[in-house]
Amino acid sequence: MASGASDPERQSLFSLGKSESLSGITWYDLSSVEVGLITSGSLYGALIGSILAFNIADYLGRRRELIVAAILYLVGAPMTALAPDFAFMVVGRFVYGIGIGLAMHAAPMYIAETSPSPIRGLLISLKEFFIVFGMVVGYTVGSLLVDTIAGWRYMYGASVPLAVIMGFGMWWLPASPRWILLRAIQRKGNMQDLRESAICCLCRLRGDAISESAPAKVDEILAELSYIGDENEVTLGEMFRGKCLKALTIGAGLVLFQQITGQPSVLYYAATILQSAGFSAASDATRVSILLGLLKLIMTGVAVLVVDKLGRRPLLLGGVSGMVISLFLIGSYYTYLDDVPAVAVVALLLYVGCYQLSFGPIGWLMISEIFPLRLRGRGLSIAVLVNFGANALVTFAFSPLKALLGAGVLFFIFGGIAVLSLLFIFFVIPETKGLTLEEIEAKLL
């Protein structure tokens, strides 16, 4: 996830601040601080949403948390699109951001807990695929609306029908059977009633093919949860001991390296790199965004197709190795190869492609799998908080560090961090392919 403004948002803000006639408002002349508040409003909201999820996730359950996120989208999007003044717009962005924090927390959990083990990687990685697909659509629509009067209002308002679809879709879907069983073994309801509810939800999710075997499957999950000791709620102290600490190290470490290996910074330089190589399209940031968005979509699609065949570790090791090479190449270009722009172009495309093969989809996949069920809600909220916080840190620290050290040195530092992340993956990250969530907890933690 990118912090601050995505490219579609930047297109909207360009329209907003271009002129009074084009923006359709009288308060169009925003300062850099005010633009920063608008673009980072959703990020701050997402951070708050991640903190809220820590306490409410296991109470609400994955399905109801996603419904709340959809409601927040439905409130925040029209507030932003119809904003009569600057302050109202910032509040709308903040409300929308809280929805982002809740959705990015609950969605991977819901998919992981309801997916059959053989295709769990594919289904969770599809989440990243559709996020990238939405970005490409946003780039395209933004390019069409950038010269439209009050076009920024249409861009922000486009989220409203999608929020309605999301809300009704999650209302129609059943609750996670594993969340229901967690409540059962923690004695938060009648065991038999919760067991029957879990069976019903599992049959709705998997269809008639599992109707006869559903009771046995539910009893198997209950037995495994009892065996691995998920009867009691996890305390704050327990989260930093034993297998909980190991899961937290794997999950938070992976999303931390996902962000501090320079992904926002590389994309920041994309237009400059392509323009220096003589690509005329690079003079138009929108076209560059569409080009890179399509590459990201293709490579994410490749990851989706192979993740359950090759496994998580091979994609992480291979993709991050490519990122290491590309970061050192970009650093070399800005240090002493500035007369060979083809090096930077190849490195840019290599970085974007390798990131979407590895950290992009696999980071979210692993954090949805690795936490024990009783820790999953709180553990994943910490991981999401680390993700947004690290992204914000890299984004906000990039400009002053570039001025202090220079772009070349900064990319060499990112390359060094990527080497450390490669060692972390090799020695710490386990392979979860083909295992049930209960087997992951019993065998790998």
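Placement of Cβ uses the backbone N, Cα and C atoms for every residue, glycine included.
For 1-433, the entry in TrEMBL reads domain 'Major facilitator superfamily (MFS) profile'. Averaged across the domain 'Major facilitator superfamily (MFS) profile' (1-433), pLDDT for the predicted model comes to 85.
Sequence annotations record features per position, and here TrEMBL assigns transmembrane segment to 35-54 (among others).
Residues or ranges marked as transmembrane segment by TrEMBL: 66-88 (among others).
Residues or ranges marked as transmembrane segment in TrEMBL: 94-112 (among others). Long-range contacts of the transmembrane segment (94-112) within the same chain: residues 1, 41-53, 57, 62-63, 65-66, 68-73, 75-77, 79-80, 120, 123-124, 127, 159, 176, 364-365, 367-369, 376-377, 380-381, 384, 387-388, 437, each at least 6 residues beyond the stretch ends and with a Cβ under 8 Å from a Cβ of the stretch.
Residues or ranges marked as transmembrane segment in TrEMBL: 124-142 (among others).
The annotation transmembrane segment is assigned in TrEMBL to 154-173 (among others).
Taken from TrEMBL, the feature transmembrane segment covers 288-307 (among others). A Cβ distance under 8 Å defines the sequence-distant neighbours of the transmembrane segment (288-307), meaning residues of its chain 6+ beyond its ends; these are 7, 121-122, 125-126, 128-129, 132-133, 135-136, 139-140, 143, 267, 270-271, 274, 281-282, 315, 349, 352-358, 360-362, 365, 433.
Within its own chain, the transmembrane segment (314-336) is flanked in space by residues 261-262, 266, 269, 273, 303, 306-307, 343-344, 346-348, 350-351, 353-359, 362, 406-412, 414-415, 418-419, 421-422, 425-426, 429, which lie at least six positions past its ends and keep a Cβ under 8 Å from the stretch. Taken from TrEMBL, the feature transmembrane segment applies to 314-336 (among others).
Using a Cβ-Cβ cut-off under 8 Å and counting only residues 6 or more beyond its ends in the same chain, the transmembrane segment (342-367) has close neighbours at 108, 121, 124-125, 127-129, 132, 250-251, 254-255, 257-258, 261, 263, 266-267, 269-270, 273-274, 276-277, 279, 292, 295-296, 299-300, 302-304, 307, 312, 315-316, 318-323, 325-327, 329-330, 332-334, 379-380, 383-384, 387, 429, 432. Feature annotation from TrEMBL assigns transmembrane segment to 342-367 (among others).
The transmembrane segment feature in TrEMBL is assigned to 379-398 (among others). Same-chain neighbours of the transmembrane segment (379-398): 1-4, 40, 43, 46-47, 50-51, 53-54, 57, 101, 104-105, 108-109, 239, 244, 247-248, 251-252, 254-256, 258-260, 262-265, 268, 363, 367-368, 371-372, 410, counting only residues six or more beyond its ends whose CB sits under 8 Å from a CB of the stretch.
Among the features that TrEMBL reports, transmembrane segment is placed at 404-429 (among others). Within the chain, the transmembrane segment (404-429) has long-range Cβ neighbours (under 8 A, six or more residues past its boundaries) at 249-250, 253-254, 257, 260-262, 265-266, 269, 312-313, 316-317, 320-321, 323-324, 327-328, 330-336, 366, 398.
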